Amino acid sequence: MAPSVIPTSVNPDIQKERDAASFSSEEFAAWWSGGEEKLKFNRDVREYLQKDMDVEEVQQLHNKSHEEIYEASSKWAILAAKKLQRLQKERNPGGNDYWPTLYDNQVMWGLIPGGNPFGVMYVMLVKALQAQCTPEQYEEFGKRIENFEVCGTYAQTELGHGTYLRGLETRADFDQNTDEFVLNTPKISSYKWWPGGLGHSSNHCMLMAQLYIDNKPKGPHMFYVQVRDEESHEPLPGIHIGDIGKKMGFIGVNNGFLGLKNVRIPRTRMLMRHAQVNADGSYVSSPANVLTYFAMVRTRCVIAWNNAVMLAIGATIATRYSAVRRQSPINPKEPEPQIMDHVTQQMKLFPEIATSVAYRLASAHLWNLYRHYLGRHIQRKLHSLSCALKVNCSSDSTIGVERLRLACGGHGYLSSSNMCHVYVNATAACTYEGENTVLLLQIGRFLMKSWRAALSGAPLAPTVMYLAEVQKKPEFGSWTGTWENMVHAMQFAAAKKTALAFKSLSNRLSRGETEETAANHTGIELAQAAELHGRAFVFSSFADEVTGPKAKTRSAALNRVLENLLELYVVKESLNHMANFLRFINLTDTDLTRLQDRLETVLTKLRPDAVAIVDGFDFSDVQLNSTLGSFDGNAYERIFDAAMKNPMNQKSVPKSFHEHLKPFMKSNI
């Protein structure tokens, strides 16, 4: 293999950017991480985990087969687990702050680029078992999962059903004679399909099935099922299990299928914290526990947080590349500029930086709200907001990463740029943990209930108080263009869209349509109102962080940068949703011209600080895994080096030349 051509020095163009920054990227990194101590902790753990990594093997992952990627991902996941266990023993024996807490943390990113086949076990399964098991059940089998004595996953989605849980077809019939449940997937569409790690990386699973007692349905319930032998790892009798095949991304996650034929499990393997089946066949159901909402809100906050970070990764790669790529003179007699000097390039890069910050702050704000209201009825209202945040962040980050890939020109299309892998990871979140359109419709229904409640004078959750305010004062007032005014404008537009949807729904009901049919016919308006509801929350979260009391804890230089990011975010989002603003708010041509001027002005202000901002996201080169986005800025050399190490280039003549191409050309002579 050819020797590396990558210099040991830093590209002078990217160094110039860092030297000219108006603020400290270290201070930004501490703020982004949640404080200096947290930043130090993250870096320390990251360095420990990345030590002794075979970086070249990781970089060659995209050249491997599906099976090879899975095997490598499984190996790397276990190596990371061992390192975290060692850290725990060395630094805090008996605690859990390193293991298993960090196994689903962002310090792990980059260690397993194909995806962690055991990730679902800690992201979802352990927490779901804690929420659904009785204390006795968790001690019996939940602890074994938590300690990684066995491996498991959470199996809910089926080939024929995903979000609509009442449509799930897997059956669990209670056999009173043997005190067992009999599990079956009666047809192909009832096979469990998609659970991460189910294919070959789990010997147990938490499975959702329709409970039947005396052939009478009791609805979907959770069951704990062993699917493989703990010693041989062979599937148990009645179990049909495997990998669903290669996907756009997450290739190493080993998403699997599961069929069951007369699989018997003890009655005590139904998770019975919230519902019980007794030995005599009697059924006892408990009201939904707040822990159910806790798990859902937590998961959707994590998704929004993670997708904000994916967008930040894409922005880091594209911004650094834009600092070292020179192309197309602005003035014909001058040298080729850094492409980041083109305002159109700035418009591709800087709004995505601002958007990643906006969603990072919004997800943190929502999680803090949820913990503040823990155990109170309002948690159910916050669940709806978490859905909106998940939808908007996954959608915006997916579109944003693709925009950033395009900003890298042809080289962004290279697999070695890593932009394609960031994209497929981001877009997956539009579907998992609630398909986005389905969630928007759920939020829309919540908004209809809230609007109806406000009309009757009933108390509202703090997250929708603005609906009542707009009912009391149906006119917006004057547009001033301040950040506070623009936050109010987004809330006003969301409330007015909610009012229009409510009117359409009410008209359909008055014409005799059923509630369900009317909701279906009003679906487009419900989804639009739901989207704006989520955006209003992001607006207010961003503004509160930048202009609120926390500003006093930051330097003036960092505050100026955050103010510029806030300005860019609210201005570009207001322009993006101008059709809604113009419909409900009296804006003049002068107001619109000023918004465009503000957009162009803030791009100019951010230009000198762009590289320092993405440096403040504090990603290591291992985490970025990109020829275009490395810290040293040596993009061309890294692109060239990756091509030289391509397995196809290790032979001067491919086998296909002699077997196919040459004989065909000879035959034409």
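Glycine too: its Cβ is placed from the backbone N, Cα and C atoms.
Straight from TrEMBL, the features:
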ACT_SITE  Glu433  active site, proton acceptor
BINDING   Thr157, Gly196  FAD binding site
DOMAIN    25-150  domain 'Acyl-coenzyme A oxidase N-terminal'
DOMAIN    293-448  domain 'Acyl-CoA oxidase C-alpha1'
DOMAIN    483-666  domain 'Acyl-CoA oxidase C-terminal'
If one measures from the C-alpha of Gly196 (FAD binding site) to the C-alpha of Glu433 (active site, proton acceptor), what distance in angstrom results, rounded to a whole number?
12
When you measure from the Cβ of Glu433 (active site, proton acceptor), which residues in the chain that are at least 6 apart have a Cβ under 8 Å away?
Thr299, Arg300, Ile303, Lys390
Segment confidence, the domain 'Acyl-CoA oxidase C-alpha1' (293-448), expressed as mean pLDDT:
92
Look at each of the binding-site residues, Thr157, Gly196, and point out the one with the fewest other Cβ atoms around it within 10 Å.
Thr157
